[in-house]
Every structure is written in C-alpha cells, then in structure tokens.
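Step one of this worksheet: look at the structure below.
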Amino acid sequence: MKLFNDLNLQNKRLELLHKLGLNEPTPVQQQAIPEILTGKDVIAKAQTGTGKTLAFLLPILEMLETDNTGIQALILSPTRELAIQIYDELAKLIHPEEEVGTLAVYGGQDIIKQLKKLEGRVDIVVATPGRLLDHMRRGTVDLSHVRTFVLDEADQMLHMGFWHDVKDVAAALPDAKQTLLFSATMPKEIRQLASSQMQKPKEITIQSTNVTLKEIKQIVLEMPDREKRNTLKVLLQMYRPFAAIIFCRTRRRASELHGYLRGLGFESDELHGDLSQAKRERAMKNFRDYKTQFLVATDVAARGLDVEGVTHVFNYDLPEDTESYIHRIGRTGRAGSTGLTVAFVTPRDRHQIKQIEKETKQRLPRKELVFGENGKPDLRDAE
C-alpha cells in the first residue's frame, strides 16, 4: 500500500493532506503523480470519483516556480460547476506560507473583477473554454508562460460542443509545455488532439469500479417512451422519496419534465445548461439544503453536484455510456444508507442496458408496474 509520503511531495503539502484526512492516494493518484512530477505528458482514462482532481493539482503545486510572474498552469473544465469545484479543491491544497495566485474563469462572473485579478499575480487558472477564449480575444490574458496544460473531463467538452474552443486554446499555448489529459472515455477526436499536442505521453487506465454496491438497489422498468411520465408520477407517489435526482438526456426533456412535476404539485427544480449561472447555483443550493425534493437534471449540469442524503435516482432517460450510469447511481446509497435507482428502458434502449450490465458485471432485475384490485400500485418481477 502506497502513502502520499511515498510520492515525493513536500512536507508542507503532506501536512495539508493529513489535516484533510488524506493519507493513502487513489490508484490514479499513485500512477499519475510520479509521472507528472518528472515532466511527462500524461493521458489518464479515469471516471469521476477516482480522485483525478488531486492527481493533477498536487504535482502542479509542487512544480510552481516562485520567481515566475506569469500564468504557469492552465486547467480547462467543461462546466462552471466543475471549474468551481476544482478551484475550491486547489484552495485547500495551498499552504499558508505559499504565495500562489489562483483564478477561476467562467461565464456568469463579473468580468471587471476578473480583469482586476488578472492584473495581479496569477499562477494557476481554472477555466471553462468559452470564457477563457473571450479573454484571449480581448487580449486580457497572457498564456505565453504556461508550462502545464490540463484538460479535465475532455470527453464532456467534446459532447458539449466545446471541442473547437479547446483546440483554439491549445493552439495558442507554448509548444514547450506539459499536457495532462483526463477523460472517462477516449473518442477519436480526443486521441487526435493528444497526438498533435503531446510528446510520447504516459497512458494510465483506471478500471471502473464494479458498481454492485450493496447499499444501492437497482431495478429496470421497460416501457414505451409515452408511458414514462405517468410511471414516474406513480413511483414518486408510491415511494415518497426524501430526495431524488431524475436524469434526462437533453435540456429540453429536463425542462419539460420539471414543468410537468411542478404542475402535479411536486417540489421540483431543474438543472441544465439552458439556465443562467445564478439559477443553476440556486437550484443546487436548494437541493443541498433539502428545500427541494426532486431535481430534474442532465448529466453534464449535475457533474459538479455532490449531495449527501439522496435516497432515489431515476434514470428517466438512459445515459449514453456506462461511466455516466455509474456516476448517476453513485449519488445515492452513501454513508451506509440504502438507495434505490430505477432505470426507464424503452425498446430502443435494450441494447444499452445490456451493455451496462455487461460492463458492470451484473444482471439488473426487471420489474413491472401493476395495480391491485383496490387500485394500489406495486412492482412485481417481470416475466
């Protein structure tokens, strides 16, 4: 078993990690940190929740040059929520004795405040691609001193349509830099960027955890798409969840379903990319504070959401890949509590649910919704 003490980190960093209760690095941290500290380019295939944020933040802080006055490290993130999450993690890892200037750059902020901060010392920037490009076009950010470039959740940036922005940012950076790429999946577009930007990268693959979690009960309900709304209504009335996340595939589906639930009198809120930053932050805060019972969300918008006490997860639409399914259901059944996840599967989704079962090495029980003579709903094993 390796400890952080074995990874050649400074004593002040080890002291902070100890205070945070972190002594044993995760597999991605064990493998990536030594490679990054030697200056190598790294491609890490790892899902959210594997500890990859610390895998790049720790070596970045270790390698900072105190006499360098420019931006030394640039971290690109697909969403504002994730950028904030990384920025907050970064703050915890900076020792009080260190002079490290950090800045989060994302949409929805006061740009005047950002400009003022950029006039001072900034060593590390955490940014979303769009807002960073705004600054680059204005000439208000100097990236000529960047020594480490991190692409976090690269596949999500691709899925969200930011890939041209990512390539524009990468093209503007110095040739002599270290590039670190973290992604749950590796589509060909990401491979192409890696081959053009990276020099003999070290490849690391962290196997997905087997999600037959004892604390999570998973069931599958097969139905046509037109029956999903009514089925969800019945299940919400039947289970009366304390706190539930309902995942939809698109922003439009999430918005329409949220409107439907509100119309039925449920305490529901929505979380997706069509909302303003202020509305998204308010939705997350209300759900965290248990002021809202149900949150209807898309995968990308919910990636920065970490909430204890989620009792139910409804996959109203199946996600595109197994990694996202794992990430969704892992939001319930925490801290020893029992969670329930329900996947709504249409005939078109049968191949996808079989793929999820294959990759997570489990058979998910099929149920069907039935009504007794008194009209009371129940779930029974499907034939």
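Using N, Cα and C of the backbone, Cβ positions are placed for all residues, glycine too.
Per TrEMBL, the feature domain 'DEAD-box RNA helicase Q' maps to 2-30. The domain 'Helicase ATP-binding' feature in TrEMBL is assigned to 33-204. What TrEMBL lists as domain 'Helicase C-terminal' is 215-377. Sequence annotations record features per position, and here TrEMBL assigns motif 'Q motif' to 2-30.
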Spatial neighbours of the motif 'Q motif' (2-30) far in sequence, C-beta under 8 Å, 6+ residues away: 37, 44, 46, 50-52, 54-55, 58, 61-62, 92-93, 95, 97-98, 204, 206
Residues in the motif 'Q motif' (2-30) grouped by DSSP into helix, strand and remaining coil: 17 helix, 0 strand, 12 coil
